[in-house]
Every structure is written in C-alpha cells, then in structure tokens.
Amino acid sequence: MLATDSDPIVAIATASGRGGIGVVRLSLGRAGEAAARALSDALCGARLMPRHASYVPFLDGAGEPLDRGIALYFPAPHSYTGEHVIELQGHGGPIVLQLLLQRCLDAGRAHGLRLAEPGEFTRRAFLNDKLDLAQAEAVADLIEASSEAAARSAGRSLDGAFSRDIHALVDDVIALRMLVEATLDFPEEEIDFLEAADARGKLAHIRERLAHVLGDARQGALLREGLSVVLAGQPNVGKSSLLNALAGAELAIVTPIAGTTRDKVAQTIQIEGIPLHIIDTAGLRETEDEVEKIGIARTWGEIERADVVLHLLDARSGLGPGDEAIAARFPDGVPVVRVLNKTDLTGAPASVTRTGGGAARADVCEVRLSAKRGDGIDLLRGELLRIAGWQAGAESVYLARERHLIALRAAQAHLARAAEHAEQNAQALDLFAEELRLAQERLNSITGEFTSDDLLGVIFSRFCIGK
C-alpha cells in the first residue's frame with residue numbers, strides 16, 4: 001500500500017458533459033469522521049445523517065447556494081471504498097459541477113483533500129477488502145461493456161461468480177497441499193500417501209474443475225476483447241462489399257475500379273454479443289503507385305496482427321496464381337477462411353466446406369457467398385463464431401481478461417507437472433508439493449492475494465476518474 005492510499009480524495013463521479021444529474025464523490029481516508037462532520041457543515045450547512053438522503057443546498061465559501069440536491073453520507077466501513085464517503089448529487093451541468101468540485105477542495109484543504117486519480121475509489125475498495133481484484137476489474141469492464149452479453153457477464157464477475165470459482169479451486173489445492181506437507185513432515189509413518197489419501201484422484205478433480213473455469217474464462221475474454229478479422233485479397237474481389245454486408249451499412253466505397261481502397265477501413269460489429277473488429281484493406285497486387293504501395297504494406301501489417309483472415313477470391317475464377325502467392329505469405333498460426341465471393345454471377349448456392357488441417361497455418365474452411373445479394377453472409381458469421389470458439393448459450397459466463405487467462409494456463413501447467421510427479425510416488429513428493437504451491441500462487445494472483453503494486457497501478461490507471 002502506498003502512503004497516498006489514505007489521502008482524502010474527491011472527484012466528479014459522473015461522465016463529462018451535460019446531464020440531468022451530476023455526482024461529486026468524496027472518500028475521506030485517514031481524515032475520517034472528523035472531516036466528514038466538518039465537510040457536511042461547510043458544504044451543506046447541516047450535519048448529514050448516516051445512510052439518509054438529505055435534500056440540501058450546496059454552499060459556496062460565502063454560504064451562498066451553488067446548487068441544491070441530494071447529499072448522502074456513508075460512514076466507514078459501510079461504503080463503496082470502506083472509508084467515510086460523502087456523495088453530492090446535483091444537476092449535471094459541467095460548470096456547476098466544476099464549481100462544486102473546487103468548493104470541496106477549498107473546504108477540505110485543511111484535511112489534505114486532493115483530486116482523485118483514475119480508478120482510485122475502486123483501488124481503495126480493493127485495498128479495504130470491499131472487492132477482490134477480479135471484482136474491481138469487473139467494475140471497469142461493466143462500464144466499458146459494448147454488448148448486453150458483455151454487460152451481463154461483467155455483472156456476474158462483479159457479483160463474485162468468477163472469484164468464487166477461483167477461491168473454490170484454491171481451497172481444494174490448499175487441502176491437497178496440507179496432506180502432502182503432513183506426509184513430508186512425518187516420513188517415519190511410512191504410509192503410501194498417494195494411495196491412502198487418493199491424492200491422484202483429488203488432483204484429477206482439481207484439474208477437471210480448472211479446465212472448466214478456463215473454458216468459461218476464454219468465453220468471457222472473447223466477449224471483452226472480440227476478434228480481429230482482416231479482409232484480404234486481390235483488388236476488385238469484393239472486400240469492401242463484404243465489409244458493408246457484414247456491417248449492414250455502406251461504410252466502404254464500392255466501385256468497379258481496381259485499387260479503390262488504398263487504406264484500411266475499420267468497423268466493429270457484433271455477432272451474438274461478440275465484438276468483431278473488421279478491417280477492409282487495400283487490394284494485394286504489384287503496383288507502381290506509391291500511395292497504393294503504402295496501403296498494401298499496411299495491409300500486410302494488419303494481416304500479421306489478425307485473429308482471422310478472410311481471403312477473398314472471385315468465385316468465377318477461383319484460386320489463381322496471384323491468389324496462391326498471397327496465400328503463401330499468410331503468417332503461420334492465423335486461421336484463414338477462403339471466401340469465394342460473387343456467387344450471384346455463377347449461379348452456385350451459398351455453402352460452407354470445412355477444410356481445416358493439422359498445419360500451423362491452414363485454411364480452416366471455404367465459404368461461397370454473394371456479398372452483393374447477402375447470400376451466405378449468415379454462414380460466414382457462423383464460421384467466424386466457430387473459429388473464435390464461441391459456444392451458444394455461453395452468455396452465462398463471467399467476463400475475463402488476458403491476464404486471467406495467463407494465470408489460469410500457468411496454474412494448469414503446474415498441476416500437469418504435479419500429476420507427472422505423482423506417478424513417481426514418494427520419490428518426488430517434495431516436487432509434487434512445490435507444483436501445488438506454484439499453482440495456488442497463480443490462482444491467487446487473479447483475485448489479488450499476491451499482486452505487486454506495479455500491477456495494481458496499471459490496472460487501476462485504466463479506470464475513469466471518479467470510479
């Protein structure tokens with residue numbers, strides 16, 4: 001904990017701009033109840049009753065009203081931050097809110113009141129055990145949710161669903177560790193611990209539960225992060241038309257002139273609540289046009305960063321030499337969907353053919369469609385969800401972040417090594433115990449039991465001020 005984590009702080013807690021209601025929030029830290037009484041008198045002209053809504057004037061330094069509204073006082077520890085908290089709910093004009101904020105700073109100067117940093121209220125809720133770290137992150141995720149599914153999943157994380165699953169796993173690991181440590185402490189008993197305590201069975205159960213939690217976390221991360229989809233191919237194969245068809249709007253210019261798109265056009269759409277970040281790129285070809293060359297170089301940069309590449313071809317000609325040269329340059333490890341567009345000119349029906357192989361970079365499927373008529377667009381959407389790993393009905397999962405996935409995978413690896421040591425019976429019991437300890441440490445990092453101040457600084461700096 002930093003020394004400044006106990007400073008009294010204040011901030012405007014509502015979004016910038018005009019609105020019906022604006023909120024100024026104070027969390028009084030070490031200044032405590034004495035500051036709460038003094039600020040109640042100075043700002044509202046009255047002593048605020050705990051947990052009661054009081055309709056009062058908000059006073060300036062001369063005792064004149066700046067505004068009138070609702071004042072709320074939450075004594076510690078029964079508040080969002082776990083500290084003494086005052087909230088002033090007035091009208092949402094930016095000028096009156098700035099005046100009220102400055103008045104709070106002036107009135108609280110003797111108590112060391114300062115402006116809050118981004119995420120500092122939620123950081124204090126974490127430090128004062130009102131939220132664990134996964135729940136604190138869910139606050140920001142709920143605010144930033146881009147779909148109903150993401151909002152509901154963030155709400156479940158905030159309610160503690162993710163944390164409860166993690167704590168249950170940790171409890172099981174601790175219980176198994178206790179048995180192992182007891183056996184290491186009393187080797188003279190000569191008991192076959194692994195058999196007597198069914199350690200292998202207990203470990204298998206923990207690994208199975210962890211795999212389930214990791215699967216749910218992957219779904220939640222997909223809701224939060226989405227999928228980057230790059231449209232690539234030669235000029236005039238219908239990339240811009242496909243972007244417009246997927247987005248349901250005319251976002252990109254479509255002409256019969258090759259090379260119309262010279263720079264990327266990006267649009268985020270949603271499919272079943274999953275954000276798809278679709279990028280239409282310049283057509284890939286040999287050219288002497290310097291501007292087009294820059295666009296083509298950027299196209300390859302986007303392809304390198306993509307989660308999925310849609311390789312567009314003209315259904316009339318199929319895969320030609322130029323297309324083969326493009327396909328050969330696609331990076332390993334990036335799924336490629338071969339899209340044969342313009343089926344309206346061939347008379348062929350829309351269809352999907354699964355072609356996935358075992359190579360590091362393989363065409364996972366082939367979709368025949370008409371971007372112009374919309375035939376087969378739903379088939380393509382379905383394939384994108386399948387490639388992303390989205391499971392129908394997975395909206396009940398909790399929202400997760402990349403750091404959670406990293407920690408879960410690391411814990412999974414430690415438990416896998418523990419299982420290997422278990423096969424060596426008592427000869428590797430100390431290594432078995434160590435892998436359990438490391439798995440527990442990685443799981444605890446998710447909820448914040450073992451977390452550095454540097455990581456906390458990064459996490460909470462991404463919040464808005466006043467939250």
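Count begins at 1; order follows the chain as displayed.
Glycine is treated like the rest: Cβ placed from N, Cα and C.
Fair warning: this is a prediction, and the values are worked out from it, not measured in the lab.
According to Swiss-Prot, the protein has these features:
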type	residues	note
BINDING	Arg25, Glu87, Lys130, Lys467	(6S)-5-formyl-5,6,7,8-tetrahydrofolate binding site
DOMAIN	226-389	domain 'TrmE-type G'
BINDING	236-241, 255-261, 280-283	GTP binding site
BINDING	Asn236, Thr255, Ile257, Thr260	K(+) binding site
BINDING	Ser240, Thr261	Mg(2+) binding site
Length of the line joining the Cα atoms of Lys130 ((6S)-5-formyl-5,6,7,8-tetrahydrofolate binding site) and Lys239 (GTP binding site), in Å: 50
Three-class DSSP secondary structure - Arg25 ((6S)-5-formyl-5,6,7,8-tetrahydrofolate binding site): strand
Other C-beta atoms that fall within 10 angstroms of the C-beta of Glu87 ((6S)-5-formyl-5,6,7,8-tetrahydrofolate binding site): 19
Least surrounded among the binding-site residues, given as Arg25, Lys130, Lys239, when other CB atoms within 10 Å are counted: Lys130
Binding-site residues (Asn236, Ser240), the one with most neighbouring Cβ atoms at 10 Å: Ser240
Confidence summary (mean pLDDT) of the domain 'TrmE-type G' (226-389): 80
Where Glu87 ((6S)-5-formyl-5,6,7,8-tetrahydrofolate binding site) sits in the secondary structure, as DSSP reduces it to three classes: strand
Rounded Cα-Cα span from Arg25 ((6S)-5-formyl-5,6,7,8-tetrahydrofolate binding site) to Lys239 (GTP binding site), Å: 49
Inter-residue Cα distance where the pair is Ser240 (Mg(2+) binding site) and Arg25 ((6S)-5-formyl-5,6,7,8-tetrahydrofolate binding site), in Å: 48
Local Cβ density at Ala282 (GTP binding site) - other Cβ atoms counted within 10 Å: 27
